[in-house]
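*Asks:* One structure is given below, represented as structure tokens, and several questions about it will come after.
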Amino acid sequence: MKILVPVKRVLDYNLKPRVKADGSGIDLANVKQSMNPFDEIAVEEAIRLKEKGIATEVIAVSIGEAKSQETLRTALAMGADRAILVTHDGVAEPLAVAKLLKAIADEEQPGLIILGKQAIDDDSNQTGQMLAALLGWAQGTFASKVEVSGETVNVTREVDGGLETVALKLPAIVTTDLRLNEPRYASLPNIMKAKSKPLATKAPGDYGVDMTPRLTTLNVSEPPKRQAGIKVASVDELVTKLKALGVAA
Amino acid sequence: MKTLVLVEHDNACVKDATLHTVTAAAALGEVHLLVAGQGCAAVADEAAKIAGVAKVHLADDAAYAHQLPENVAPLVVALMADHEAFLASATTTGKNIAPRVAALLDVMQISDIIAVDGPDSFTRPIYAGNAIAKVKTSDKKLVITVRGTAFDKAAASGGSGTVETVPGTGDSGIASFVGAEIAASERPELTSARVIVSGGRGVGSGENYHKIIDPLADKLGAATGASRAAVDAGFVPNDYQVGQTGKIVAPDVYIAVGISGAIQHLAGMKDSKTIIAINKDEDAPIFQVADIGLVGDLFQIVPELTAKL
Ligand SMILES: Cc1cc2nc3c(=O)[nH]c(=O)nc-3n(C[C@H](O)[C@H](O)[C@H](O)COP(=O)(O)OP(=O)(O)OC[C@H]3O[C@@H](n4cnc5c(N)ncnc54)[C@H](O)[C@@H]3O)c2cc1C
Ligand SMILES: Cc1cc2nc3c(=O)[nH]c(=O)nc-3n(C[C@H](O)[C@H](O)[C@H](O)COP(=O)(O)OP(=O)(O)OC[C@H]3O[C@@H](n4cnc5c(N)ncnc54)[C@H](O)[C@@H]3O)c2cc1C
């Protein structure tokens, strides 16, 4: 079976986002952008399924500006076989992204689509679930273990109370949590090889999807800053403080 | 407008998260609830008593026993014919179901709101809480997830809603529940605790965690949490994780022990009223947000603190 892996280019997770002075958003000019960490985990999982002989082909997809090519090349260098870039310069909301991914899934007929559970920029945590709804497929979100056997995939999910396992009929959607795997680094030879792997460029219009956002961002601001407080010098002082806070008798 | 709130429950009791979400819904209009589950009539009765609730829709069916989104989402969609807004808590259950509902209604979900600014405008954190966005929707119906720490709890009693049974929408046949490992704990729940003691990589091992963190938490009647590094290293299970991709907490007092204060961790706890940090590195970023800091070796400080309380 084929596996589709949507990957998103986001502000590198090591960087602290800066809010633009005019309140229109986050300043992304000249800052390092990388693959969303959850999507690296998704790519890794797909490649492992191919290495186990369960998947036959891994296709990475990204929706975004032309530079998202770099993110796709990273996925190819990790081991994806080919890539599709749907270029779009403005805001791409999860609903629109899910509609594009549905159209691509209709064409490619994958057995599994593995997404990140959330993108670390907008933190929406929606795209996978929306795609599952549009395709009418089952969903295994926040996965920490994925086991494919025959026509079924068993997904162990990280839920608020602990862990939960569901059995899903294939084709299905999986979204990755942090502990699913540790993504590999692409080796230099593989980075070179990735340059010649196929990368198709498309436009939302090719799939008949209207990208008009439903949400308007009125304003983006910095959260109230916490002030650093005081340092105490001893445990006794800390005990006094805790008593003053009323949490210790 | 008429709102529909998904009640979170274990087929026996209403979870606290729902009370916070009811408060957010009440800011939009009339509050109706949905209790979908199996053998959950008692939950519906309990939910009807929540202050401000007008009506509880009860769907009692084996298909809803485990909150499978493939089954619950179509039920919500059917009920949305008579409601203008659907709200779920931003818990793993709510986050699993709400986007599926949104897509079926062709609506763009508004995730993790921290304020209701108007009938179509909301405030939500983005970039791990490093920025706050105000957004306005043009959709006719609303689908929203609610960050519990940002809304007070509605009173659990005083309401007199009516309970109405609604027909189920069947089993999708594409997903089934296999099993769960849900940790039972005597301690308060992380997301509603007044005091939290969290341990990070500095604690060193699971054994140390239970030797050092647990006794302090016991003394304070606190919940216990952890950083991602502590969870990844296997000191404690995943449900302990606080942060951007774990639980969002805002207790009265948060005590961070051997936690450096990465932005992804801060995202989960920086709205705590008082933050206390214990770390041997005086330059650790956690001290930039801590109200009270103590620099030193946690293996010495924490047992001494526990003994003196
Ligand atoms: C203040 C603000 C400013 C914004 N500025 C911009 C901007 O300048 N440019 C812009 O494009 N958007 C912008 N957006 C929109 C925002 O980036 C989208 O809403 C976001 O792309 C979708 O949410 P998410 O990625 O958090 O989805 P999630 O549902 O959290 O994503 C989950 C998973 O879906 C997949 N996925 C999501 N998006 C894509 C994609 N594009 N391609 C491939 N896979 C994907 C990935 O596997 C990802 O891990 C802005 C939003 C706000 C609030
Ligand atoms: C996509 C993504 C999502 C993430 N989500 C989360 C999340 O939800 N939650 C989260 O916590 N992290 C998250 N992280 C990880 C985060 O970036 C940090 O790696 C993590 O928080 C570090 O944990 P820590 O502070 O325990 O470990 P470290 O950063 O290693 O800090 C350990 C601290 O312990 C101190 N220490 C060591 N020994 C002692 C001693 N004897 N006495 C006193 N102090 C001592 C050290 O000085 C140090 O400051 C995420 C990362 C990514 C990329």
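Each residue, glycine too, has its Cβ placed from N, Cα and C.
Quick caveat, the model's predicted, so the values are computed rather than measured.
Feature table excerpt (TrEMBL):
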| type | residues | note |
| --- | --- | --- |
| BINDING | B:ARG201, B:227-228, B:241-245, B:258-265, B:ASN279 | FAD binding site |
| DOMAIN | B:3-181 | domain 'Electron transfer flavoprotein alpha/beta-subunit N-terminal' |
*Asks:* List which of the binding-site residues B:GLN244, B:ALA262, B:HIS265 have a Cβ under 8 Å from any Cβ of chain A, in sequence order, or say none.
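*Replies:* Near chain A, the qualifying binding-site residues are B:GLN244.
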*Asks:* If we count other C-beta atoms within 10 Å, could you say which of the binding-site residues B:GLN241, B:GLN244 has the fewest?
*Replies:* B:GLN244
*Asks:* Please report the number of other Cβ atoms within 10 Å of the Cβ of B:ARG201 (FAD binding site).
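*Replies:* A 10 Å sphere around the Cβ of B:ARG201 (FAD binding site) contains 16 other Cβ atoms.
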*Asks:* For B:GLN244 (FAD binding site), what is the secondary structure by DSSP, using just helix, strand and coil?
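*Replies:* In three-state terms, B:GLN244 (FAD binding site) counts as coil.
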*Asks:* If you count the C-beta atoms lying within 10 Å of each candidate's C-beta, which of the binding-site residues B:ILE259, B:ALA262, B:HIS265 ends up with the smallest number?
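*Replies:* Selected from the binding-site residues B:ILE259, B:ALA262, B:HIS265 on minimum Cβ neighbours within 10 Å: B:ALA262.
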